[in-house]
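What TrEMBL says about this one:
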TRANSMEM  C:12-33  transmembrane segment
TRANSMEM  C:53-74  transmembrane segment
TRANSMEM  C:79-96  transmembrane segment
TRANSMEM  C:116-140  transmembrane segment
TRANSMEM  C:152-177  transmembrane segment
TRANSMEM  C:215-238  transmembrane segment
TRANSMEM  C:266-289  transmembrane segment
TRANSMEM  C:305-328  transmembrane segment
Amino acid sequence: MKKNVLLSIVVLLALALAACAPAAAEGPAAAEGDTIKVANLSPLTGPVPTFGESTKNGFMMAVEEWNANGGILGKQIEPIVEDSQCTADPAVNAANKVIDQDGVHYIVGEVCSSASIPVSEVAQEKGVLMISPTSTNADVTLNLDGTTKDMVFRACFIDPFQGLVMAKFASDQGYTKAFVMSDQGNDYVRGLAEVFSEKFVEYGGEIVGSENYTGTDTDFSAILTKVADSGAEVLYLPDYYNVINLVAAQAKQLGITAVMMGADGWDSSDLDIAAADGGYYSNHYSPDDTRDVVVDWVSKYTEKYGATPDALATLAYDATNLLFAAIEKAGVDDAAAVATAMESLSYDAVSGTVTFDEQHNPIKSAVVLQVKDGAIQFVASVAP
Amino acid sequence: MNRLNKTSIFFLVGAVLVFGIVQALISAGIINSFWSTIVLLAGVMAIVSLGLNLIYGFNGQFSLGQYGFYAIGAYTAADITYRWVQLHSASGLTVILMISILVGLAIFLIRGVVSKIRGMDTLSAFALYLAGVLVAIFIATRLGMLIANPVTALFNLMPEKVAQYVVYLIAVLLGGLIAGEVSFLFGLPVLTLGSDYFGIATLGFTIIVKVLLDNSDTMLGFDEMKGARGMIGIPKITTWATVFIFLLITIIVIRNLLNSSYGRAIVSIREDETAATSMGIDVAFYKTITFVIGSFFGGLAGGLYAHINGFLHPNTFSFVKSFDPLIVVVFGGLGSVTGTVGAAFGWALVLEGVLRLILPEGFETWRFVIYPTLLLIMMLLKPNGLFGNYEIPFIRSVVPPLKEKKADEETAKEVA
Amino acid sequence: MERKNQNPIVNWIVKSKILGILFFVIIGATAVFKLGTALLDNPSLFLQQVVNGLQLGFVYALIALGYTMIYGIIQLINFAHGDVFMVGAFASFYSISRYNVHLWFQNLFPSVPAMLAQAIGAVTVVLVSMVVCALLAFTIERIAYKPLRTAPRISALITAIGISFFLEYFGALGFVFTPNYITYERPFEVTSWYIGPEGFGSIQAGVATPPHSLIFSNIFLIIVLASVFLLLVLQYIVKRTKIGKAMRAVAYDKPTARLMGINSDAVISITFALGAALAGAAGVLYAIAYPQVFFSMGIIPGMKAFVAAVVGGIGSIPGAFIGALIMGQAETLSAAYISTPMRDAIAFSLLIVVLLIRPKGIMGETSSEKV
């Protein structure tokens, strides 16, 4: 008995040491090599691994493109992908790992705000540049006192803009009654829903009802029955495509005629086009866009991964490109210098020409798209 | 007596050594912040699991509610330090202090009354307690706000760092106390349920707490907790020293508790409730007190946890995660203090540390395939846990070893 | 320390348990009042919500049956059951989308009426999933539970959690089920009907439904019929067949059953397979009702169904059924009339309240714990 216990302890210790030793040795030295290390933190396990997968794909795509073109500053880029589970503790561990063990100076990630916020604090503390592709929560780039974290950027719209775009669009179309559904546990959805409700009323509309659900729900019939009963003309549902597919299918079953509207979370090849027919959503770019960077991106991604890129992949691709462009602009492999360069960067990304405002949010225009007759069609473009 | 002293000394010397070595390695930078954060999380997990081991391993109450109390402790402590650091006010401290005192007082008073009345059924007693506690909270909030300003002034007399640390320590303790008091109220009716039903009810508790935290800004009215957006602005001041001292205290308290007549009563309930009752042991009382102490440690660990990353999110306390302490306790060996501590550290170091490092590029997603596989293999090889009922001498001298129970035997007994 | 001469009022309070009862009466009355006013306010809306809850409840029922059987026989909370359910849903997804199993009858006998051919195809899909799940559960039982039969009960619970994690994350790997949310192709078309003051008719896309009518779909009917049918089959197996008798004997007293010549290991394996087959069927029905499959889809329905089984009295088959229906109603009605964010909290509070009133669940045996 006792022997077994000792044995287990020894095995555990040996494992821990084996893992520690080489890493500790190479840690600081490797940072000076002739590659630039860039880390990507994605939720590859946990509740939303599919988002992690897309993000990782977008990231890797950008890295491969730059490497094929000779890297940055004459150095090749060494990508390091780490799993952050969309949860605070593993995300912090992953961030600490890439910073301390691998000596990374740049992080692209995390996807979920609930993981990006603690990571942003680590990044800020250790002087590592972080750009989150998709975290919409204002707290990611802002300190509690309202000052900007100088090492933290994001590549996505924050809540107010997309909510405003859709509210304006809905009232321009002559709709006056809207019903808002939002995921109580998801700040992306919640933020958009709040802004939409507020702006829609400002434009003279009426919110005839609003309901919350949780991210793990699959049965929306109780809420949809209320939607049907409320006489709403618009159902605003700014969630990801997986929820839209379920809601749209059930709405059809319940004979709901309200037009569904949403945000960039809809953008995915997995969106159930038949069920969501007639719905509108705001997005970063239109698939009809003829700019080279868009055409290139969509065709290359489709070729490599067999599906058109979703919003997460696009934003990860953009975020990574923005980072590399900033490094090149700065001319040195130094996180603080790159951050300064990033602030004044203007880059032609897939989602339009991007510049950053004082709170490190991107300034870029949005488009409104419609799901119609089995395809996604461009409807309108809205500048910030 | 002599032997006991000797082992105690050995234990303390060992503890100081472990602490010193780890601390030295951290200070020297050999353990970098990646490993040291994991070590802190492991220490916290050890405290939560020790609390659970007391409830489940030593008292036999199958609880899945430990993470609920962990969450309560975390948010309570975080709210206190948040108000202190961000709003420069001790109002959180005073209000929660008054609540914990007055609620404790109310519970004692009502207990005095209830124990005198013969044949009071649990639910009636629960209704009484609930009413009393609500009144106490109402009064305490007012009282707490009243004394908030003088107390703030008092703390401001101290140097800033010291004041912050003192507030933090009190916050951690209050987190534990509040968790303990909630567990008393919740446990009172629920502890009358049979073991698995108790487990399910506590699972429900964890889920209810999580839902409440998701809506802490809209339904509970704590704007600073920001509901599902995650609470920020909590100072990151938990250090290895704090975690280690609290862990040490937890171990010693549990050891001494088990060594007392209380401990023998607690363990006897696990072994055979009927026999314990017929020996004159007040089963309901001991079950409650074990549950409260176990939950207290859960809340305490929560307070420490909140100040590691300075960020709290309800998803950290979801029901899937609430299996973690259970896995650690069973993995280490049910009813083994040594095992729990060892397993907590091993679990965190392997899952978050080693697996991250040894998995090659492109295999990041395999971490959670390997983890359950390891779990499965270990359980099949050592169904009684990694450490079985082995204890280090310091603890071994007092804890009666777990009776080898077979599943068939248990079933047979339940059917009978 | 007891006082014989208690105050008569105190005595009355204690004897009648008035405080505890009052506590529940207040909670119950609030709920009844809320629901009652909702019913009077808009009866058709209320009935619609009840129908919604029924659909949910019947799906939970099928999962709950598996939990209750397995618990009944080896007192194991089989946390992997929800993931077996997930595998069932995926099995049907592949058999429909890749192998067109739902069309085999149509392709072989084109002259048979489409309706019948479709029904036979759909039933085949369900059967395939049931068999896959039964085999999976049989394997799981052999690997993870059987070696632990003599170990403490909790060890098997931990391996169940391990198996559950394994199925989820192994399934999430790119070459298995992928981590994506996959839209599920139903083996038949959905039709919805309305019934109300304006008569009866089917719902067309883009055409407004007459107000105050009750809406239901063929999916609802199929779920109800399939659940009731499978419940009856299960009841027959357990109550009337030889293997059912063996199951009950093993559940009641394993050592004695063994002495009577029952191969208890085999009986347990069969119980697992049977429970998993039900989960497989539930997986298909669930995917048809909520047309999306993904690796972690089993966690939440699995947990809810398990709670339903406990509410109904775990170990009891009709209990699981009743518990699941209550759970479905509790969820839908609290989402509709009390508070959506608090839906799960309300459902679980209900669980705790039920357990406090009936410590062994609604249909559970009320014998005291031990001796």
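Here the Cβ of each residue, glycine as well, is placed from N, Cα and C on the backbone.
In TrEMBL, annotation is done automatically, which means it is predicted and not curated.
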Feature contact check the transmembrane segment (C:12-33) with the transmembrane segment (C:305-328), CB under 8 Å, 3 or more pairs: no
Among C:53-74, C:79-96, C:215-238, C:266-289, stretch most in contact with the transmembrane segment (C:152-177) (C-beta, under 8 angstroms): C:79-96
Positions on the same chain near the transmembrane segment (C:266-289), where near means CB under 8 A and six or more residues out: 55, 59, 62-63, 65-67, 69-70, 73-74, 78, 81-82, 84-93, 125-126, 129-138, 140-142, 145-146, 184, 186-187, 219, 222-223, 226-227, 230, 234, 237, 243, 246-247, 250, 257, 297-298, 301
Two-stretch contact, the transmembrane segment (C:215-238) and the transmembrane segment (C:53-74), at least three Cβ pairs under 8 Å: yes
Folded-back contacts onto the transmembrane segment (C:116-140), same chain, C-beta under 8 angstroms, at least six residues removed: 80, 84-85, 87-89, 91-92, 95-96, 101-106, 109, 163, 187-188, 226, 269, 272-281, 283-285
Surrounding residues of the transmembrane segment (C:79-96) on its own chain - C-beta under 8 Å, 6+ positions past either end: 63, 66-67, 70, 102, 125-126, 128-130, 132-133, 136-137, 140, 144, 157, 160-161, 163-164, 167-168, 171, 177, 182, 184-187, 275-276, 279-284, 286-287, 293, 295-303, 305-306
